[in-house]
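Quick look at what Swiss-Prot lists:
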- Cys90, Cys93, His94, Met126, Met154: heme c binding site (BINDING)
- 12-32: transmembrane segment (TRANSMEM)
Amino acid sequence: MFDTMTVTKAAGALIGSLLFLLLMSWAASGIFHVGTSGHGAEGEEHAQAYTYPVESAGGAEGEAVDEGPDFATVLASADPAAGEKVFGKCKACHKLDGNDGVGPHLNGVVGRTVAGVDGFNYSDPMKAHGGDWTPEALQEFLTNPKAVVKGTKMAFAGLPKIEDRANLIAYLEGQQ
């Protein structure tokens, strides 16, 4: 099956490939100066030369940190049309037609009791959360669902931008 010539060709290809990699490594280290930089003490990591301390945004302890505009102000100027675009992220699991998907339907969610859709199988932590889905409660939940309701089945990571949350809530308010 294998004759001497086939084995010789395979060995030559392997050795040639290794030689090529060795030469390319040697050429690259010559061009890009890979290795010690000659700066600092023996064994010092090069990356340490670029580290610097970062002070907290609040300055001294006890100072209030400006977190931007409050939610009520942003909600007052929210754009439901922009919220409809943000709702595209929700469509994979939620519907607005009154039928449940992977998640409960969101038709009439603003003002509804938390875990209040009859017949939907909510997680125990969501059932225990209680309260109503006010715009403020939705805003907090949509920031980071897993932090607000630990153990929720909702896999969504959250909406980091306050404007996106306000626009989405304004859109959902119109879907009553």
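Backbone N, Cα and C atoms are what each Cβ position is placed from, and that goes for glycine too.
Values in this document were obtained by computation on a predicted structure and should not be read as measured data.
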For Cys93 (heme c binding site): intrachain residues, at least 6 apart, with Cβ closer than 8 Å: Gly101, Val102, Gly103, Met154, Phe156
Maximal Cα-Cα distance (Å) across residues annotated as binding heme c, namely Cys90, Cys93, His94, Met126, Met154: 18
Mapped DSSP class for Cys90 (heme c binding site), helix or strand or coil: coil
In the chain carrying His94 (heme c binding site), residues 6 or more apart in sequence that have Cβ under 8 angstroms from it: Gly101, Val102, Gly103, Pro104, His105, Leu106
For Met126 (heme c binding site), the number of other Cβ atoms found within 10 Å of its own Cβ: 19
All-chain count of other Cβ atoms within 10 Å of Cys90 (heme c binding site): 19
